[in-house]
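**Student:** Relevant sequence annotations retrieved from TrEMBL are reproduced here:
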type: BINDING; residues: A:CYS31, A:CYS45, A:CYS48, A:CYS54; note: [4Fe-4S] cluster binding site
type: BINDING; residues: A:GLY84, A:LYS85, A:GLY86, A:GLY87, A:VAL88, A:GLY89, A:LYS90, A:SER91; note: ATP binding site
type: REGION; residues: A:1-44; note: region 'Disordered'
Amino acid sequence: MAPYVEEPNDEAAFAPTKRAPDLVAPEPEHCPGPESEQAGQGDACAGCPNQQICASAPKGPDPDIPIITERLSQIRHKILVLSGKGGVGKSTFSTLLSHAFAANPDSTVGIMDTDICGPSIPKMMGVETETIHVSNAGWSPVWVTDNLGAMSVQFMLPNRDDAVIWRGPKKNGLIKQFLKDVDWGELDYLIVDTPPGTSDEHLSVNSLLKESGVDGAVVVTTPQEVSLLDVRKEIDFCRKAGIKILDFPCHNRRGRRLAKKMGIPFLGAVPLDPRVGMACDFGESFVENFPDSPASKAIKRVVRAVGQAVGEDPEHVLPEEMVG
Amino acid sequence: MPLDGVKNIVLVLSGKGGVGKSSVTLQLALALSLQGKSVGILDIDLTGPSIPRLVGLEDAKITQSPQGWLPVSVHEPITAEESTSSASAPPRGSLRCMSLGFLLRDRGDAVIWRGPKKTAMIRQFLSDVSWGATDYLLIDTPPGTSDEHIALAEQLLTLFSTDPVIAAQSSLPRLAGAVLVTTPQAVATSDVRKEANFCVKTSIPVLGVVENMSGYACPCCGEVSNLFSSGGGEVMAQQLGIPFLGKVPVDVKFGELVEGKPEAESDEDEGDGNSEGAQQQDVLAEPDQRPLVEKYKEGWSYPRFEGFAATIISGIQATTPA
């Protein structure tokens, strides 16, 4: 008899959340989640020191969700960037995507880094040493250019190399603050860069943004089978969470086949260009520095298609003559 | 008793995803096994397990025995006597793996778990797997410094000691330390620095840094050219005052070895499949049924990892009281 892991309990994972109560002990193994509707009532809750607290916590939806929805109502499009596998270029892609969106001076773009334990966006944007300013209106994002703002845990660390050794609930708390307290102002696009995997960060972003409406997800992959395997998991996640998949940039035909098999749009290949890596290391905009390179053109075409997928006129997103 | 029979535990860590933790883990395991050590790989990347795919055993399943879960065997040991009598191969140790991938019904299933459940699974991996006699247990980790890492460090540090003397007296496994994997890019090293800080905070010794994807090894002659940057990991190791094990160039052959043959092309193909079709025929022409470890021995990367394995073994043995 071979042991199996149980089928993931999707309903509990994707149920709307209420506010998490303060716990007196770590959650037990099969904890339904202190913020879930079943809190204090599940089988795993019997004998848990938190049971009373969870069971008596106020029911009903998380009171912070309307605040988040209000805060994000000024943002026209919210796009998630996902990938099951690490190192396929989520952050690189998010950086390129936001620079390319921002290449149109009429658009204002924000980029939010929800990778708490390995933030890369500040480095790639060249704003690693910046810090966040707090005003009456909330936390001000770090402005990379006039129309491109960024938010990341990196801006909050006293030292550059500090490790953020946090468990899930604490990471969720920070992500909620990013959504609730950051004063983005009016944005055309908010790009949400995620860590690899399908865990706390992804569930939180999804449940907190459900009310305000996510336009969709861009799933990034590389051609290797190992990477495609994890991407299948990520697509599975989006299906379960009800997130629309906008695009699927990848580096060759294998990705296209997978996209076709799973019935999601595929958006061409972004070729490998060593200069992309260097631009990221130095925190410069690749799209601006090498506007005519094949990779730049490919990324701009992706931007137009993403714009189209969220219901914008591609000419309005990035005029054809800027693609070159 | 958890991890009965295991002698040394080595963690493979990296702050950054996709730098090749799993492939470095596997190559290190193969190299250790070729030096006659029995090796186990425990894959605790729960939401993206790669080890089953890398060892080509995606359909394998874990079996239950009275002692606990039995890991999946990648290759059996060849003892010194067998090796001289059959004259087929030099002695080598066994290699066995444990991963959540072996416990999933379908390989595309997403494991969408929050922290407490991941912590529980890792505890179970550390307590319920019956490894038997194992010289080195390599633990492959997910990127970051979060639930999995905290659970692992907590569990290992309460059960086992990093001190060789205490470990030798207790007959429990020794937590020998961690190997950090990075790539040369500054974006990767900045995250790996965080991981090094994690080791400092948890007082897990760092055995060394491997700079993966450092340059590109020509598949024909093995000559290394620096297509991308190189040396970033070495500089980081110097600055942090931790040992640098060496650089590993991109090895296309190893990629092919673990990626396997290209997936069978079907009518879904969009017309430009000629070149791939030709490549496929080449592959089909010579089916290679030898175990992964034999094929690996011929690759360009093996001598490098042989060196890393030797450094790690001698480093650990030097501090182990006789």
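We count from 1, first residue shown onward.
Using N, Cα and C of the backbone, Cβ positions are placed for all residues, glycine too.
In TrEMBL, annotation is done automatically, which means it is predicted and not curated.
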**Student:** List the residues in the vicinity of the [4Fe-4S] cluster site, defined as same-chain residues other than A:CYS31, A:CYS45, A:CYS48, A:CYS54 with C-beta within 8 angstroms of the site's C-beta centre.
**Tutor:** A:GLU27, A:PRO28, A:PRO32, A:PRO34, A:ALA39, A:GLY40, A:GLY42, A:ALA44, A:ASN50, A:GLN51
**Student:** Quick one: of the binding-site residues A:GLY86, A:GLY87, A:SER91, which has its CA closest to the CA of A:CYS31 ([4Fe-4S] cluster binding site)?
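**Tutor:** Spatially nearest to A:CYS31 ([4Fe-4S] cluster binding site) by Cα position is A:GLY86.
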**Student:** How many other Cβ atoms sit within 10 Å of the Cβ of A:SER91 (ATP binding site)?
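**Tutor:** I get 29 for this one.
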**Student:** Starting from the Cβ of A:CYS45 ([4Fe-4S] cluster binding site), draw a 10 Å sphere and report how many other Cβ atoms land inside it.
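**Tutor:** The answer is 21.
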**Student:** How big is the gap, in Å, between the Cα of A:CYS48 ([4Fe-4S] cluster binding site) and that of A:LYS85 (ATP binding site), rounded to a whole number?
**Tutor:** 34
**Student:** I'm trying to understand the geometry here, so how far is the Cα atom of A:LYS90 (ATP binding site) from the Cα atom of A:CYS54 ([4Fe-4S] cluster binding site), in Å to the nearest whole number?
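**Tutor:** A:CYS54 ([4Fe-4S] cluster binding site) has its Cα 36 Å from the Cα of A:LYS90 (ATP binding site).
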**Student:** Relative to the Cβ of A:GLY84 (ATP binding site), which residues of the same chain, six or more apart in sequence, are found under 8 Å away?
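**Tutor:** In sequence order, A:PRO196, A:GLY197, A:THR198, A:SER227, A:LEU229, A:ASP230, A:VAL231, A:ARG232, A:LYS233, A:GLU234, A:PHE237 meet the Cβ cut-off.
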**Student:** I need the CA-to-CA distance for A:LYS85 (ATP binding site) versus A:CYS45 ([4Fe-4S] cluster binding site), whole Å please.
**Tutor:** 33
**Student:** If you count the other Cβ atoms within 10 Å of each Cβ, which of the binding-site residues A:GLY86, A:GLY87, A:GLY89 comes out on top?
**Tutor:** A:GLY86
**Student:** Do me a favour and check the Cα-Cα span between A:CYS54 ([4Fe-4S] cluster binding site) and A:GLY87 (ATP binding site); whole Å is fine.
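**Tutor:** If we compare the Cα positions of A:CYS54 ([4Fe-4S] cluster binding site) and A:GLY87 (ATP binding site), the gap is 38 Å.
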**Student:** Can you name the binding-site residues among A:CYS45, A:CYS48, A:CYS54 whose Cβ is less than 8 Å from some Cβ in chain B?
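**Tutor:** In terms of proximity to chain B, the binding-site residues that count are none, since no Cβ is under 8 Å.
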